[in-house]
Amino acid sequence: MSEPIRVLVTGAAGQIAYSLLYSIGNGSVFGKDQPIILVLLDITPMMGVLDGVLMELQDCALPLLKDVIATDKEDVAFKDLDVAILVGSMPRRDGMERKDLLKANVKIFKCQGAALEKYAKKSVKVIVVGNPANTNCLTACKSAPSIPKENFSCLTRLDHNRAKAQIALKLGVTSDDVKNVIIWGNHSSTQYPDVSHAKVKLHGKEVGVYDALKDDSWLKGEFITTVQQRGAAVIKARKLSSAMSAAKAICDHVRDIWFGTPEGEFVSMGIISDGNPYGVPDDLLYSFPVTIKNKTWKVVEGLTINDFSREKMDLTAKELAEEKETAFEFLSSA
């Protein structure tokens, strides 16, 4: 058995964490021979609920779970971390402007970035899930200057999985038969789900999704809006936001960081845009197609970008630049 790794989940008393913690504890994310010390952080009023989650994790009797620590203190939570999964954020309330949401979360992620800087290992991998995820991730990254920027990523894998699922449903295949969809940009309704480089396995052969579907108007219209608005559709139907699917996407994202991506496949994640080959301005936290090897991501190069894609990619970059500007105004005045 290897040495235990310390994994933090914030917002640990919440819905997404409840669907996520078992998968981390049972070896589905870091492997079946990797012991884990699981650290659960939430705000003080949630500590009663968190105690219940702690009891349940103990009652799972998971052999890989060497210890579970529930806390509301950042110095305890962020100490010596190998992985930080930042799920907790201020949720959007009725009548709340996106700007107000940004303001509340900038404060949270500035503090958490500073705590990572102060207490965590410099090699820590940080995954931001709490919305607005891209800008929250950028804020945390800026607040932890001695941790490499490349160690920060935000979750767009849920959008990626949603796009795969829509294509699979349309073609009557399983999601596993679809690969190399791309989510460009922000984890918001401006994101651009792009299947112009995606492949699907049909009758034992790999074909391009556009060739397989022969329905350009659906792919350039309804498909994109369905993926963009899927989160809202789940809330409308379930009266709660996506939790099971979000937790599964977090597992996929973190597992790929840990073990790498399969040969010939790429995945989507929000990463720092510096030096990217697709004309996205530097210093944004933007979702790109990446391959991962030795726990290090690399943006997939050489993909042709048509005018349709260019326009959509620029639109979501513009939104991210505006979010960043708003967030950093708050940061400098905080």
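Just so it is clear, glycine is given a Cβ too, placed from its N, Cα and C backbone atoms.
Here Swiss-Prot flags His187 as active site, proton acceptor, drawing on similarity to another entry. According to its DSSP assignment, His187 (active site, proton acceptor) is coil.
Same-chain residues at least 6 positions away in sequence with a Cβ under 8 Å from that of Asn105 (NAD(+) binding site) are, in sequence order, Ser89, Met90, Gly130, Asn131, Pro132, Thr135, Asn136, Thr139. Under the heading NAD(+) binding site, Swiss-Prot lists Gly11, Ala12, Ala13, Gly14, Gln15, Ile16, Ala17, Asp42, Asn105, Gln112, Val129, Gly130, Asn131, citing similarity to another entry as support.
Feature annotation from Swiss-Prot assigns substrate binding site to Arg92, Arg98, Asn131, Arg162; the stated evidence is similarity to another entry. Following the DSSP three-state reduction, the secondary structure of Arg92 (substrate binding site) is coil. Take the CB of Arg92 (substrate binding site) and look out to 10 A: across all protein chains shown you find 16 other CB atoms.
According to Swiss-Prot, the N-acetylserine annotation covers Ser2. Spatially close to Ser2 (N-acetylserine) yet at least six residues away along the chain are Asp33, Gln34, Pro35, judged by Cβ distances under 8 angstroms.
Sequence annotations record features per position, and here Swiss-Prot assigns N6-succinyllysine to Lys110 (among others). For Lys110 (N6-succinyllysine), the number of other Cβ atoms no farther than 10 Å from its own Cβ, over all displayed protein chains, is 20.
Around the Cβ of Lys118 (N6-acetyllysine), the same chain contributes Asp75, Phe78, each under 8 angstroms and 6 or more positions distant in sequence. Annotated N6-acetyllysine per Swiss-Prot: Lys118 (among others), in sequence order, evidence recorded as similarity to another entry.
Under the heading N6-acetyllysine, Swiss-Prot lists Lys121 (among others). Taking a C-beta cut-off of under 8 angstroms and a sequence separation of 6 or more, Lys121 (N6-acetyllysine) has the following same-chain neighbours: Asp80, Leu81, Asp82.
Per Swiss-Prot, N6-succinyllysine is recorded for Lys214 (among others). Lys214 (N6-succinyllysine) falls outside any helix or strand according to DSSP and counts as coil. Around the Cβ of Lys214 (N6-succinyllysine), the same chain contributes no residue under 8 angstroms that is 6 or more positions distant in sequence.
The annotation phosphoserine is assigned in Swiss-Prot to Ser217 (among others) on the grounds of similarity to another entry. The Cβ neighbour count for Ser217 (phosphoserine), using a 10 Å radius over every protein chain in view, is 8.
DSSP assigns Arg230 (omega-N-methylarginine) to a helix in the three-state reduction. According to Swiss-Prot, the omega-N-methylarginine annotation covers Arg230.
Per Swiss-Prot, N6-acetyllysine is recorded for Lys298 (among others). Sequence-distant contacts of Lys298 (N6-acetyllysine), defined as residues of its own chain at least six apart whose C-beta falls under 8 angstroms from its C-beta, comprise Val290, Thr291, Ile292. Lys298 (N6-acetyllysine) falls within a strand segment according to DSSP.
In the structure as shown, the Cβ atom of Ser309 (phosphoserine) sits within 10 Å of 19 other Cβ atoms. Marked as phosphoserine by Swiss-Prot on the basis of similarity to another entry: Ser309 (among others).
Here Swiss-Prot flags Lys318 (among others) as N6-succinyllysine. Lys318 (N6-succinyllysine) falls within a helical segment according to DSSP.
The phosphoserine feature in Swiss-Prot is assigned to Ser332 (among others). The C-beta environment of Ser332 (phosphoserine), restricted to residues of the same chain at least 6 apart in sequence and closer than 8 Å, is empty.
What Swiss-Prot lists as phosphoserine is Ser333 (among others). Following the DSSP three-state reduction, the secondary structure of Ser333 (phosphoserine) is helix. Listed in sequence order, the residues of the same chain lying 6 or more apart from Ser333 (phosphoserine) and placing their CB within less than 8 Å of its CB: none are present.
Straight-line distance linking the Cα atoms of Gln15 (NAD(+) binding site) and Arg92 (substrate binding site), rounded to a whole number, equals 15 Å. Mapped onto three states, the DSSP output places Gly11 (NAD(+) binding site) in coil. For Ala17 (NAD(+) binding site), applying a Cβ distance below 8 Å and a minimum sequence separation of six or more within one chain yields Val9, Gly11, Leu40, Val53, Val87, Ala247. Separating the Cα atoms of Arg92 (substrate binding site) and Lys318 (N6-succinyllysine) is a whole-number distance of 22 Å.
The Cβ of Lys318 (N6-succinyllysine) has 14 other Cβ atoms within 10 Å, all protein chains considered.
Sequence-distant contacts of Arg98 (substrate binding site), defined as residues of its own chain at least six apart whose C-beta falls under 8 angstroms from its C-beta, comprise Arg92, Pro132. The candidate set comprises the recorded positions Arg162, His187, Arg230. Of these, His187 has the most other Cβ atoms within 10 Å.
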